[in-house]
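See structure below.
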Amino acid sequence: MSNLTYEAVNWNAPTSELAKVFWDQQWKQIWFPEEIAVSKDISQWQTFEHQDTYKKVFGGLTLLDTLQTNVGMNEIAKFAPDLQEKAVLTVFAAFEAIHAKSYSYIFTTLCKNAEIDEIFEWVKKNEFLQYKAARISDIYQSIEEGDPESLWKAMYASVMLESFLFYSGFFYPLYLGGQGVLRNSAEVISLILRDESIHGVAVGFFAQNIFKRFSQEKQDELKIWGYELLLDLYQNELRYTEDVYAETGLSPEVKAYVRYNANKALMNVGFEAMFPEEEVNPIVMNGIRNEGSTYDFFSQKGATYAVAKVAPITDDTFNFSHLKGSEKSEEK
Amino acid sequence: MKTYLKLNNEVLNQYATTGSIDNGKDKEATRRYFLEEVNVRMRHFINLEDKLEYLIEEGYYEKEFLEAYSFEFIKGLYEKAYSYKFRFSSFMSASKFYEGYAMKSRDGKEILEKYEDRIVIIALYLAQGDETLAEQAVEAMMEAYQPATPTALNSGKKARGELVSCFKLTMDDTMNSIAENIGYCLELSRLGGGVGVNLTDLRPLGDPIKGILNKASGVIPVAKLLENSFLYSNQLGQRNGSGVAYLNIFHGDIENFISSKKPNADDKIRLATLSTGIIIPGIFFELMKRDKDVVLFSPYDIYKEYGQRMSELSMSAMYYELLDNPNIRKLKRLNARKLYTEIKKAQFESGYPFEIFDDNVNKVHPLKGIGRVKMSNLCTEILQVQETSIITDQDQPNEYGLDVSCNLGSLDIHKATKVNDFGQLVDTSIRLLTNVSTMTYIRNVPSVANANKLMHSIGLGVMNLHGHLVHEEIPYGSQDSIDFIDAFMEAVNYYSIQSSMEIAKEKKETFYRFEDSDYANGEYFNQYTDKKAVLHSSKVTKALGSVPLITAHMWKELKAQVMEHGLYHAYRLAIAPTGSISYIRNSTASIAPCTERVEIRDYADSRTIYPMPFMNNDNKHLYTEAYDVNPYELIDVYAAAQKHVDQGISMTLYVTDQWTTEQLAKVYIYAWMKGIKSVYYVRQRLQTLEECVACQI
């Protein structure tokens, strides 16, 4: 029997700033792919011109989310020292699993079995896709117990993945959905994106807390490492984009979106943006602005439902004296 | 990529990133839309004769209604419509009209109608050969009147749906009635209607059948049957049918009914697509205030003991009688506050159920001498008396009661304050709605056809309140805004009664049992004939424009005329939520605050960005978004309008995820105290992570 002392996670005493905020927000956003009627896209899909690009985009996203579930969040959670942060990261991992499954849900709805198998084979063979998966995965697997530097590097890589590398793929469904093409699949993507943006901010925030405790020399060294990694991934991303989007003519616009998100990823970890500001297609930008979107009550399901905060009705519930002109309300 | 979509999206992108509104982008989007999409698809005709001939011969337009007019007259009417030099003022309104309303060729490729063409055809179709009315109709529609979607869409078309699209049905506690009503639902859903069904009179789960206890399955399985009927009957797959089931809060099945909409409800009771609404008598609020238990009853016992259906009696009046009567089973006791908290939880999680405040409806119901209002419709603005049909065995004749079909139209408040003759505008609107009712015959639902023939009910409403208030620099929810809507709706009420009275005089016909109504005995008018003159602020006076102030003296004269000649319509006014039609008119919806300054509107297959009407960088702060409007002030606005509306107003409440169930309960209780008749959806805005983090640091 070891003489380790086991500590219980105590949410009553905040040990990590914002951990509870991230936890609450993630659960409030809970969703399942089955809630979205992807089957409504089937008739458009049958005559859709660039099926191949679309399938590859989704194949690529599936790989990244699989990596993030199986390796990323779990490895980081395992080594994160704070118990509340560990809990938050474990929840994130569960959502990554939902994401990976939801791409399959779209595949299953739109494609035949043979096509699906073909895409999963393509994923295994695409060099750019394999490169980015391997690059990130190596960093995840190099975390050492009690070594904040390797943990920080893993968190940095995770933010790069979630806030930057996903976006060459997200571009396409958002671009199409905003024009009324395959809208329901796009809605699934916008829900995934809503989660990924919490993950990027949260992990980036945890990483910044570790980073501040490093010496100035260490910080400078890690910054160089960080920008080099980003540049390397960026070069790969350009080639991946050209490869996947070749037949659509959209590569220049996708690349602009990738640079925009690379800057956002850097900001999440507290680094300065690297690429100059440029115009990104407004339809794609609006694709993630779905929070208050006005749904036609007769057609689609809204993206928002949340669990109620319950508080009991008391005598005070019937007291309206705090309102101006409350004397009027005594009419009854 | 279509450049107009990109331009339209830039409006939001710029607003979201810089907070500034660029209407130029939206104008340019509209211009590009015409160049790239509309003009190239528009079929060109040599002249009007050529156009009408083609559209009739190809079977697009019905021939008969056009034959009631001379060609010269028709030509003059087109010229009149085109003389307004109408231009769409947003990309949203142009695209909504051409995507959804304009006549297109059967393959959908060619556009066959412009906006003015549609207006003229609606006018000619609804006026039924009356040239004066047709001219007034074109004026009214080019200026401020908008018929509801089914009327605007279907008028004059050869292959068309019904002109009305909203129905209410009552179900009786017999298998014959359940089966018959499900048949009606299939039929009405096929016609494109939304249907409300009252389940209050059905015996609850575990009640006796033929005297044997624990045999009845209760209301939920019936609700599931309704849900499946609406899903099946889906207008060639274009749109799922939609319906709502209503239940009284004292009904034995109420707990399951409340839970049925929760996303995590058991599949056996979950209603995924059917809407739900509950009827809440005043006594419930009183018991809740005193922190008492409420007792649930069975309509089966009530009918056996009193010979009346549960929906036919006032639970507020009968509650203690039912408690004391040993022949009435007390199915369950629940703490009222806990039960209401469950309802609030369900509303947070799903937006449902709607609530109808029974006593607020029936106390001021002008037809209370004829019967009770037992339920509402899919949008909670229709509140009319119903009489349950007796559905007998197949070898016996049925006795059909009264159900409801509603035909609606709305005035654009902003435009209505600018017309030359406001009374004329209301009169024309009422006459057009009246003709819709006359022209409607739902042959497969006799109770609906019956009521339509006897009651001539219509529902005139309004839209663009928030738009007009912003234009007049009046904040939504302020005392000025309340005074404005109060005076405006009083005028609508006054002129609609005058119009109904004139029509009764002309046709020498009143609605069924007018003599038993509060209009006939004059009681309805007491609220007006005793009122004192009010002084408005100069802002309100300016905002009212050409809308006359109605004096007590005017009401006294009208009262005398109504008592002498009667009214043609049992019901006249109802304020609908106005979705699509307010987009076409570039208006804000109903009397609601806008939900976003720059709205993202998602339909099944498109996304459109819609900056609010009249908005610019100087006045955008006046567009307080609904989630930021004080909910008590919002209710005050609705309560002021409700005083003048004989039916109801669709009122949605807006909350954020920071609210508790108790806060929500308090707002509903306030609404009930202020005489609000119904509450439609609860809509919730989820905070974004940025907001959460921002309020923590």
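Glycine is no exception: its Cβ is also placed from the backbone N, Cα and C atoms.
Note: TrEMBL annotation is automatic and uncurated.
Among the candidates A:GLU121, A:GLU127, A:GLU162, A:GLU228, the one that TrEMBL lists alongside A:GLU96, A:GLU196, A:HIS199 as binding Fe cation 2 is A:GLU162. With A:GLU96, A:HIS99 listed by TrEMBL as binding Fe cation 1, the candidate from A:ASP65, A:ASP82, A:ASP117 annotated for that site turns out to be A:ASP65.
Between the C-alpha atoms of A:GLU162 (Fe cation 2 binding site) and A:HIS99 (Fe cation 1 binding site), the distance comes to 12 Å.
Within 8 Å of the centroid defined by the CB atoms of A:ASP65, A:GLU96, A:HIS99, the record's Fe cation 1 site, lie the Cβ atoms of A:LEU64, A:THR66, A:GLN68, A:THR69, A:PHE95, A:ALA97, A:ILE98, A:ALA100, A:ILE192, excluding the listed residues themselves. Considering only the binding-site residues A:GLU162, A:GLU196, the Cβ with the fewest other Cβ atoms within 10 Å is that of A:GLU196.
Within 8 Å of the centroid of the Cβ atoms of A:GLU96, A:GLU162, A:GLU196, A:HIS199, where the record puts Fe cation 2, the same chain has further Cβ atoms from A:ASP65, A:GLN68, A:MET73, A:PHE92, A:PHE95, A:HIS99, A:SER158, A:LEU161, A:PHE166, A:ASP195, A:ILE198, A:GLY200. Cβ neighbours within 10 Å of A:ASP65 (Fe cation 1 binding site), excluding its own Cβ and spanning all shown chains: 26. A:HIS199 (Fe cation 2 binding site) counts 27 other C-beta atoms within 10 Å of its own C-beta, drawing on all protein chains shown. Here the Cα atom of A:HIS99 (Fe cation 1 binding site) is found 13 Å from that of A:HIS199 (Fe cation 2 binding site).
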